[in-house]
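What TrEMBL says about this one:
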- 11-565: domain 'Myosin motor' (DOMAIN)
- 104, 105, 106, 107, 108, 109, 110, 111: ATP binding site (BINDING)
- 514-536: region 'Actin-binding' (REGION)
């Protein structure tokens, strides 16, 4: 190891393709040495590795923008501006739609990377009053989307993939507040950004009012009572919160209280009003808050996309910047982590297909002397989750729609029966069959061997979160409000549009969104930024080799280097 160490001391390799000898140890040591020198960017060919410094560095100045503008990718030091410039010039000069995929686990710096890419492209792209206006609107979308997220402290199950007009909006849970600012400053920044984007004063007011409704719904408390028949019922404990909500949206308090505390059921030709228990009431309250928030965020993204949309008839080239939540392994993992990690498996699949598999297949076609590089193809894991008949999501939907008693126990029993021999699935039952003792795996859990490591999921809440049903009474109450924006978010509440069709499950919607995203990405020329988290405490300039090594392994960086060579 002495020769490697001396080499690194002399000059830490800027492109890992040139690293010799190539070992996991030398690769991590190179990243560490460059990180120590504040060189946070390293190449694998034209793939950028970005190690989060957790502090501001003076490497994003206008002079730096000029240094990288129209410059050969390898003629200057590794930088995120280099890949942004390369993608932009390919878009401009070769007329090729681009996508920049920014991946990494939570806390690795993906959001900051996406902002840097967008600000660079905005700085170097063509000028003109209309163009500058659109660029400024695009840049100002960040504080609006982040401000909305920060204000509401969303639960993970409210995360959804948003796609429209080539732009991607998402809910960011890593750094939802703007750096170095307090809440008041953040709020004013968000308001200024909305004005730049083109929101009218009425739209801003309505947006804030609907946001307030979500916050106030969380304060609505229910208490239990019993009717003369002995049936349990629930009622609003503090009517003041309810009255304030109804004043905001122009709705009779009695209408909202009835929608929160009872449910209309149709039996044959009769309509029966049944009372709800306190837990059922809270379920309805939370479902309403989540639906309002989710639909409001959709509206916000669509509204921004409308402002920055290219005029019809003009030539249109697309550069998509994808910054999406990273792979998650927590102490307790539920439905949210399951679908987030599924999305990351799909992104890893794209990376494998486009950088490892297809490149090697091209060498074979061209008759190049080639020693194949072994790599893990994660298609087997994607299929385990998304297969239309035997996938985990399909079985979850089947349980949600099945008549009779349905709970997580019947769900995991079905998983154990159908996936007993799958090498990337295990549970207490499958371990018992193999005479394996593992106290960390309880009967209500299953474990998936993901590309990034083993993750144990607790099925508690899977059925409820996948159903994510909103009682029709609540939709109708929202539609009955005199608040224009809120009313527009619940078109199904119109009594003339009543449908008996069950809404799609959360898992089905997410899977469909991921499929649309993959189709979109496959049609673009890909550029990759692989973000790495150097420590678990977000401490400035601290590098933990063991943590980085784990990310190097599951990101497939060694295989990537071998193929690029």
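Cβ atoms here come from the backbone N, Cα and C positions, even for glycine.
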PLDDT averaged over every residue in the region 'Actin-binding' (514-536):
92
By a simple count, how many Cβ atoms lie within 10 Å of the Cβ of residue 105 (ATP binding site), its own Cβ left out?
22
Taking every protein chain shown into account, which of the binding-site residues 106, 111 has the largest tally of Cβ atoms within 10 Å of its Cβ?
111
The region 'Actin-binding' (514-536): DSSP-derived helix, strand, coil residue counts
9 helix, 8 strand, 6 coil
Across the binding-site residues (104, 107), the Cβ with the fewest other Cβ atoms inside 10 Å is that of 107
